[in-house]
């Protein structure tokens, strides 16, 4: 390494996962061309990396807030490009980072152009999922299991149920850092092919548990959901009292794969998945967008969730390049349904160029990976740059939506039995 070259991350090399850092290099030769690299290992031991070529200014400095990448994993001015463009050497890999207790560790480095073995400087970025004072408590109810995240301080805090397809703590812990009491609950706690029905009662139990937490001050709860969790969120909003604000991200407007039960009876039959309608590609990944039964077909209308029954507000989020579901059609159908019933309790956000897997900001973009729900490698869609920008926008939009619609005051934090 060169003692002259300095690589800095501002304001600090230690930050929260969803916080941007300013990457700066000093001490290079005037107009020197170098390769910047980022590297991280996920929870399954898979190494992800990115690289980009930069040219120093006349005083030997590079600032990723100002300077464009000339070539590499991305081009142009992308201050956080080294993070979101990281990918594995092998195809179809998703960056697993689901345990909130361990930081996302990224090594940034500067190298002589075209010489990976000639490193000039390096720095380690620790990106924390859980902030100072936030408590993390695994929870096992009678019919649900999850992880509860609670901010420091007396509160009162608004409450959010995070319904993910499989167990993940990332979004829940980061929301808790922002002042929400969040319970993360997965749709699947067993292998999906073993699941013969979905019981809404189990998720209602999670809602009730969340409302009983002593620091919760909102009169109802919010729900954030994605993919398979979307139909659970819609159903909770439609059938369970106390759901005040629902964020639906790239889900289905109908119940899918298995029937939905509530209070010991089937309330909604499912749309079924036809593997013959998958489109296989040369990469080994498949487009599954057309595999699920059409929710707009007359014969399938009984599978639609009756969202007009909901008393709370909706934020519908559609990634328009999603290749796993026809998200745009699902969202249009829900908007039309609510309008037909004279409802205006919704807002919509559309993201052209974004794919299915929308995560908290600066996560490595995943165009394809193995789907645990249908047991195939699938294409998720999206273009990396547009997808990354959509994640940044959605993250603040979601928080703003919850703060607006989850009223919270000290009078509501009475002792709870």
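Any Cβ shown, glycine's included, is placed from N, Cα and C.
Just so you know, TrEMBL annotations are computer predictions that nobody has curated.
When pLDDT values are averaged over the domain 'BAAT/Acyl-CoA thioester hydrolase C-terminal' (199-407), the model yields 96. The domain 'BAAT/Acyl-CoA thioester hydrolase C-terminal' annotation in TrEMBL covers 199-407.
Shown in sequence order, 164, 165, 249, 250, 251, 324, 356 are the residues of the chain, 6+ apart in sequence, with a C-beta less than 8 angstroms from the C-beta of residue 227 (active site, charge relay system). According to TrEMBL, the active site, charge relay system annotation covers 227 (among others).
In sequence order, 250, 289, 354, 355, 356, 380, 381, 382 are the residues near residue 322 (active site, charge relay system), counting only same-chain partners six or more apart with C-beta under 8 A. If you look up TrEMBL, you'll see 322 (among others) marked as active site, charge relay system.
Feature annotation from TrEMBL assigns active site, charge relay system to 356 (among others).
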